[in-house]
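Structure first, then comments.
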């Protein structure tokens, strides 16, 4: 009788599991584990990238300087035909006024490698001088392939590494469909795809290195994390948006170990060693190093360009910063504002480092830089979006709303690049993926992440009620739709030629500020509810 009773219990459990699988339409995708599901989603994400690459790019057919596509091609031309010591120096063979190299050395090395690839199949595309404005079909195809290969070799493996680490820490992944949905949210981020494979850049490299560094830090490989983050920083200086979070989290962990001074020394040596290797060609003389540094901080361009949805550009409607203050004063203002706004998040991680708190700190520090630092571009919104996609399961509503406004803030830029069709297609794909049945964004688990944060609800309730109130969301969503239509069908008044861009900027800025308050509050409240695992962990 006992055996029959036990058999019935086992059968009930199996039936329950099978019912759960039947209710989960993505079960077939993840039944074999994370890696097969990652492979399937990666192949689809790759096809989406190829499709976007069929559209125009920044500066297509618009001489004399063209756009970002020509900048990247020109850097391949320069690095391939000149010695490293001349890459950052103005000369008769390297006119820095024509898309001079203004990213750190790792970008230069990447340009050299891609230049070797291009010259193998189409030497004319990277020939010194004569290749300026080169736009042959083969040249475009090869350039697109360099971005795709960078994605496949760096960004995709980094995402897999992070998902495996995140899954092992059980931050909130319940059903198997949650894993697939999380992978899709990261790999099919519409903003990153539009900028890298439409507009044309290589953010996938620096962001991929950053994701790998985050995964390494979460898995207690602090030295590896330091090295990978330094590589990201040496590929694009905008990776400094994450510096306060990395500094606070790693320092906080070191202070909790038995020999803090030794641990800090090891991190410092790793950072110095990585920088020394990357910068070695420019450490031979002071002038060479200063030549590179001067290119990385183009203060002469002013505190902002175009209509980016940050504090300086938005407030310039009322305060004419460029006319009232010198560049030196604005540098000090922006530095002070950035440090003040990112300091609380960094201090919290120094005092109470935690894995989840670290992810929120990355989000908060990057938003501080986006809103207040000097010379921010529309494309810089990719940096706050990165940690948000990593927190997609925790912040399912936030990723929907913030991705919407991130795309909206870049709409004028993408419109100039003739990427409206790709913009609409990727936005529609993102919405379909977000509301996939039984994913955290869908109906079956739509309230899951809210339940996980009930303990913190009281402290952030006011900001949440404003940010996610149905009426507010409905009104802003309607305004966004109307502005899209107006921007595409109407011309602004002659007296205010950038009126539409200014309105888009104001709406997006207001949302970014609300999210900044929300995420900072969330990080501090979460510090009071650290898991017992984080509290009791003994670091050696």
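Positions of Cβ are set from backbone N, Cα and C atoms, glycine also.
Keep in mind that this is a model prediction, so the values were computed, not measured.
Ranges compared are 122-144, 145-167, 237-259, and TrEMBL records transmembrane segment for 145-167. Looking up the ranges 314-332, 333-351 in TrEMBL, the one annotated as transmembrane segment turns out to be 333-351. Among the recorded stretches 179-195, 202-218, 267-283, 357-377, 420-439, the one sharing the largest number of Cβ pairs closer than 8 Å with the transmembrane segment (145-167) is 202-218.
Count of Cβ pairs under 8 Å against the transmembrane segment (202-218): among 179-195, 420-439, 498-519, the largest is for 179-195. Looking at 179-195, 420-439, 498-519, the range that has the most CB pairs within less than 8 A of the transmembrane segment (357-377) turns out to be 498-519.
Across 179-195, 333-351, 498-519, the stretch most heavily in contact with the transmembrane segment (420-439), judged by Cβ pairs under 8 Å, is 179-195. Residues 26, 29-30, 34, 37-38, 41-42, 44-45, 48-49, 52, 156, 159, 162-163, 166-167, 173, 201, 203-204, 207, 379, 381-382, 385, 389-390, 392-393, 399, 403, 406-407, 410, 414, 419, 422-423, 426-427, 429-430, 433-434, 436, 439-441 of the same chain lie 6 or more positions beyond the ends of the transmembrane segment (179-195) yet place their CB under 8 Å from a CB of it.
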